[in-house]
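> I'd like to ask you about the structure that follows.
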Amino acid sequence: MATPATPLLKDELDIVIPTIRNLDFLEMWRPYFQPYHLIIVQDGDPTKVIKVPEGFDYELYNRNDINRILGPKASCISFKDSACRCFGYMVSKKKYIYTIDDDCFVAKDPCGKDINALEQHVKNLLSPSTPFFFNTLYDPYREGADFVRGYPFSLREGVPTAVSHGLWLNIPDYDAPTQLVKPTERNTRYVDAVLTIPKGTLFPMCGMNLAFNRDLIGPAMYFGLMGDGQPIGRYDDMWAGWCTKVICDHLGLGVKTGLPYIYHSKASNPFVNLKKEYKGIFWQEEIIPFFQAATLSKGCTSVQQCYIELSKQVKDKLGKVDPYFDKLADAMVTWIEAWDELNPSTAPVPKGAPK
């Protein structure tokens with residue numbers, strides 16, 4: 001039997017999984033995930049014992065651990081919401097992160113072959129993005145593709161890829177009103193494409209099949225204040241995506257979407273979702289124009305500096321929409337302070353300080 005090839009980025013990537021249940025779903029992912037280190041963020045009751053299949057290398061954090069590690073700054077980590085996953089991003093020491101939900105399974109391509117989602121994410125992250133000029137053959141760095149006629153040669157080097165946003169077969173990532181109107185709709189379309197999202201274009205980021213370069217964009221991957229005690233839910237990943245995209249555009253980094261697909265097995269309750277999303281559905285009509293118009297000063301050269309400046313704009317402009325955004329803006333600052341405490345080597349050096 002041939003010796004299997006060493007998995008890509010085996011020692012440079014952590015897999016972050018938020019959960020409230022036993023992680024039996026890992027059995028299906030064993031061929032792909034077992035070589036990697038897992039960070040499991042347990043939501044809900046910290047006294048509940050979460051069972052992890054044997055043979056996986058993992059560390060598990062519950063709410064008590066989060067409170068112990070962050071102290072008062074733990075207030076920035078959501079409770080009773082999958083937004084708690086971003087704590088895993090903060091405590092990781094690896095260059096790359098892949099995060100997946102526990103109701104996501106291995107999908108099959110149109111030929112019936114199992115899709116190694118993690119491998120495709122790594123390929124996306126390790127190849128450049130092209131945010132400044134759209135290539136009509138999509139990702140020019142994929143095998144069998146290239147830049148089309150008329151594509152500026154000065155832009156063909158591309159820029160570093162910060163985010164790889166994957167998609168889902170079966171249960172699509174719909175909001176509650178769409179779920180209610182189309183309760184039986186399933187996504188069966190497999191589109192064999194990876195696209196760079198153009199500069200200046202926002203997108204609704206979904207956190208259930210997502211990878212990113214933690215060194216390039218980690219501090220911006222804050223999933224906000226959601227769930228218990230908050231007036232909104234199910235906007236955690238999208239909030240992170242909007243913040244991240246504005247910062248990537250400012251810093252000249254790329255965001256890709258498309259492959260890989262996972263199989264999303266379970267539709268969440270649309271009535272529960274509507275209760276969580278209700279205010280967000282109205283607020284997003286203010287939030288989206290805010291992010292579309294957001295600009296960052298030239299002096300912001302690190303992700304942390306960008307994020308702090310963005311938090312001030314959130315407080316100034318979205319604070320008028322609802323007091324929740326004042327609270328969220330403060331939490332954004334707390335998040336960066338906590339990130340820098342746990343990751344001192346990534347904190348920007350103050351001007352005039354010795355390097």
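The backbone N, Cα and C atoms fix where each Cβ goes, and this holds for glycine too.
Pulled from TrEMBL, these are the listed features:
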type     : residues : note
CARBOHYD : Arg149   : N-linked glycosylation site
SITE     : Arg149   : site 'Required for activity'
SITE     : Arg156   : site 'Required for activity'
> Pop the Cα-Cα gap between Arg156 (site 'Required for activity') and Arg149 (N-linked glycosylation site) into the table, whole Å please.
12
> Per residue, counting other C-beta atoms within 10 angstroms of the C-beta, which of the recorded positions Arg149, Arg156 reaches the highest number?
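Of Arg149, Arg156, the one with the most crowded Cβ is Arg156.
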